[in-house]
Each structure stands twice: as structure tokens, then as C-alpha cells.
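Structure first, commentary second.
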Amino acid sequence: MPVLELRGIARHFGAIQALGGVDLTLDRGEVLGLMGDNGAGKSTLVKIIAGSLQPSTGTMRLDGQEVRFARPGEARAAGIELVHQDLALCDNLPAALNVFLGREIVRRIGPFRFLDRGAMFARAEELFAELKSETRPRDLVRSMSGGQRQAVAIARTRLADPKIVLLDEPTAAISVRQVEEVLGLIRQLRSTGHAVILISHRMPDVFSVADRVAVLRRGQKVADKPIAQTSAEEVTGLITGAIEIA
Amino acid sequence: MSRQDETIGSAARAEPFDAVGFAARHSAVIFLVALVVVFALLEPRFLSAFNLMNVLRQVSISGLIAIGMTFVILTAGIDLSVGALVALSGLVGAYVAKGGLEDRFAVGASVDAGNPVILAFLAAAAVGMAGGALQGWAVTRLRVPPFVVTLGGLTAFRGAALLFSGGGPISGFSPAYTWWGQGRIATVPIPVVIFAVTALIAHIVLRHTRFGLHVYAVGANPRAAEENGVPVRRVTWLVYVIVGFACGLATFLLSARLNSAEAVAGLGLELDVIAAVVIGGTSLFGGVGGVFGTVVGALLIGVLRNGLVLMNVSSFIQQIVIGLILVAAVAFDQYAAARRRS
């Protein structure tokens, strides 16, 4: 049974059809590359899955159960984590406290609750180690590379052991060397059985890490096939419309 | 004061010792120590226990408010209304202490006819917190910038204070009341004890509680904080309530020391308070700084004033010197920040 199953998901904004009836499935431990030009509907689809937008029509099933999310918090509670493109980090705080921001570990002393910094640093260290990242829990985010920042944002999604992790353009704003680090993080997520949707403009990244690629064009899914059965040329053609449908 | 070290749980790294960077990061502490040494050498009276206690007592009132202001500035806010709020909440507290305005100048038998001291304090604190809550509401709900909201507060609270008192002071409290401003525990004045305890509590709240962490997060990146489930509006609102409480507490101690509350109390106090916070290394852009720095900043201003007075330097020159130090402190911090980035 797929972990996520979308049927006929459509969304319009007034007269504009952003998404016109998309079917999509995702299996456990699978990395799906979601590609498409600007305005193809990628963001709309991701926002619907993450609960920040509601579909006009269509159904969404999580582990076979039909779900409806009114808010991002509901999607998160159901096991869907979105890593924003801007990462939502506070660069004056150390890596570990960014991981736990909003979900801090506290210790009760009498009527008071105090931050359990030791526990948070230790847990963050474990998470970074699981992700095979060299990020150090005590380092300030301000002093970190783009790849390490991405690791912090991804480590945050692991606190709740989510079913699905959505990554929005994680390699868009970082150096080539750090891209490799981020792709490593994604492989690490897959190896622990998480399903990943990677939204990206970068063809080499998708081909290096994804198991399957889905292409959106003008709100329609025009391709959905295993990486092994396609090529960068074909996907480029599908994105631009040079190839109608695959 | 150190920006890096006052940021929550910053990294300790094994790097070669960077003397210039160290000096820039700890500029306020180094400058405070240097000032104490210079004054001690130039003026024998400076180091006497009596004089040092005097400095601490003078610092404690504005220092208390500066502690509250640290919370506000850490969220990248500002509160210009503290001086006016001190006047208003002080008058209300005094009114409650006296049980009315009828015998506002009476000193003597009738002073015990009023309400218990605790009620007077609670009234002052409640007015301070209400003023802060109102301003915090305008900042978070009406989305008016804090500078504008509290500039309005500065005028409005001062006006309310004048209206409430009819322009005159309320004087003559019971000994139980004035003890809070004039009494001592061992040799330490009560306001100094309260200042120290408040600083300690504020430090613990900022560094060791969820709320404190959220204050730093809101100051650095409110949108990121929001996306991670930090209640940004509530945190922002609360920091104004906290500085309001600090005003109420400070004005209670001030009126007890002076045995009087008046509508012109705390004129220009906001500048001293903000100067202490900024000299202490808390960034006006939010997210960086802390209470320890603020205490150092307040002490620095207090020591400087006291030393210059003892040396018969004119108060006009004092103002110039404090202004220059304010700018120098921020310049040092910028320099330290630039070094860290490179």
C-alpha cells in the first residue's frame, strides 16, 4: 500500500486553474523528484500535501486513510513535514536549538519548567550523526554553510519521525560541494524508510537521488516514470512542452 | 559586552586566541574595569564602601527598567514610554498608599491611614503592566511599529500622569513604605538587593526557559519562529508587559526613596535605560544580547556619572561623554561582528 495516494487533486484560484486533477502515489522509502517550470503547479501541489492549501476537488489518502488538512499543523501531526526553501532558521541560535525550536525539551523543577539543553544537544547530535552530517549542535547557524543549514532543517523534520518529508528546492541556493552533502541527507532519509518528495529545478540532482520523476506542466501531470526509464533530455522536453506527454 | 557569548549556548571553539576580537566583544566590561581603576587612582573617595553603595543605589532604579527593556530590544522592539509610565504608575501607587488625594502632602500621623504597602506596590505594578499590555497590543494587533506606539505612549502616559495628579506631587508615606527605598539589608540598600535579584531571575528566564528562547528567536527571524510554532504575537506582547512591570517596580522603589511621587518623575529616563541596554551589547536589531550585558551597561553609566561628579566635572560634560560612549560601544560591537563574519 502506498504511503501517500492522491486522486484527481485540483485547485483553482478564482478563474485560474493552478492544478487540474493530478494523481500521484508515493511509497515508503521512495524518493520522488517533482519537476516543472515556474507556474506548473509544483508549489500548489506541495502546499496541498502539507496542509497549507486545500484542494478544490480530489482526495488524499495517507496509509490508505482519507485525510483532509485544514492547517499545516494537522499535516505535521499526521506525519508530513515540509522543509521550506528559506529553511526557517534563526541564525542567532545554535543548531540544536533551531532543531528543537517550538518543540523544546523541558525539565520540571517544582512549578517551573526549564530548557533541558543537555538533552537537546545530545539528541541533535544523534540526528546529525544519523544524517551523516558534520553539523555540530553547538555551532551558531550564522556561521554555517548552506549544506549544514539544510541538515538542521532536515533534522528538525526527524523529531516526529514523519512518514513523508517534502523538500522545496533544497539545492537551489548552495554551492556545488554542498549539494552533494544535501543529496546525501536525502539518501539517508530514504534508507531509514522515509518517503521523500524532492521539488527541484536541478536536473542532475533529481537524476542522482530520485527513484522516480513526476513532471507537471500547466497543472497537469505529463510524466511519472522510474528514473531508469527516462533521460534528462526527455524530462527537459516534458517540462518545456517540446514533448507533449510520456 | 559580548554578543557572541550572550547568544544562547554559543559554540566554544578551539581557535587561536584573538586579542583584538576578545577586546571588542567584551568592550563594556573592559571599559567598566578601566573606569573603576582610573577613578580609584584619581579620586580616593571613589572606592569607599559608602560611595560604591551609593552608585549601586542610583543605578538600581534605571537598571531595573533596563532589564525589562532588554527583553523588548531582544525582540527588535523598543519602548520609549518607560519614563512616562514610571510617572503614571508611581502616582497611582502613591495614591493607593495614601488612600486618596485629600492629604497628599500630609506627613505625620495621617500617613498610616492609607492602604497597606503591598497594595500600593501592586497598584503601581498593575498600571505599569496595563500600559505595557496596551502598547504590546497595538504593536502585535494593530501592527504599528514599536517606535511609534511607544512614542505615543511617552506623550499619553505623561499627560495621564499630569491629569491624574493635577500637576502636583503626592508625598509623605509611612515608614513601612519608605523602607523599600531607604532601608538596608546588612549594608546593602533594598533597591540594590531587588535589582540584583531581578537581574538573576531575568537571566534565568532568558537563558533557561522556553519563553526566553522564543524571545531570541522572535528577534532574529519572526517568520521562521512562527513557522516552527513559536507564538510570536504572544511573546512580543509579553515583553511589553514585562517592561511595564519593571516600570511599576522601579517607580515603587523610587517613590519610597524620595518619599514622593510626581508627574514629572522619570523625564528622559528612557534614554538612560536604552543607553544601558545598548552599551551592554544588546543589538537594537534584535536576537543578540542579554541581561548580564545590561547590568554592566547600567553600572558603566552609573560609575561614569559618579566619578565625574566626584572630580567636579560639569554635568554638561558628563552628558557629552555618555553620548560618545554610547556611539563607541555600538561601533565596537559592529567591529566585532565584522571580524566574526570575515
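Keep in mind that glycine also has a Cβ here, set from the backbone N, Cα and C atoms.
So that you can see what the record holds, here are the features copied from TrEMBL:
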type: TRANSMEM; residues: B:23-42; note: transmembrane segment
type: TRANSMEM; residues: B:54-74; note: transmembrane segment
type: TRANSMEM; residues: B:117-138; note: transmembrane segment
type: TRANSMEM; residues: B:144-164; note: transmembrane segment
type: TRANSMEM; residues: B:185-206; note: transmembrane segment
type: TRANSMEM; residues: B:237-259; note: transmembrane segment
type: TRANSMEM; residues: B:271-304; note: transmembrane segment
type: TRANSMEM; residues: B:316-336; note: transmembrane segment
Worksheet item: Any chance the transmembrane segment (B:271-304) and the transmembrane segment (B:237-259) have 3 or more Cβ pairs under 8 A, given the pairs are 6 or more apart in sequence?
Response: no
Worksheet item: With pairs 6 or more apart in sequence, are the transmembrane segment (B:185-206) and the transmembrane segment (B:54-74) linked by at least 3 Cβ pairs under 8 Å?
Response: yes
Worksheet entry | Candidates B:23-42, B:117-138, B:237-259; stretch with most C-beta pairs under 8 Å toward the transmembrane segment (B:144-164) | B:117-138
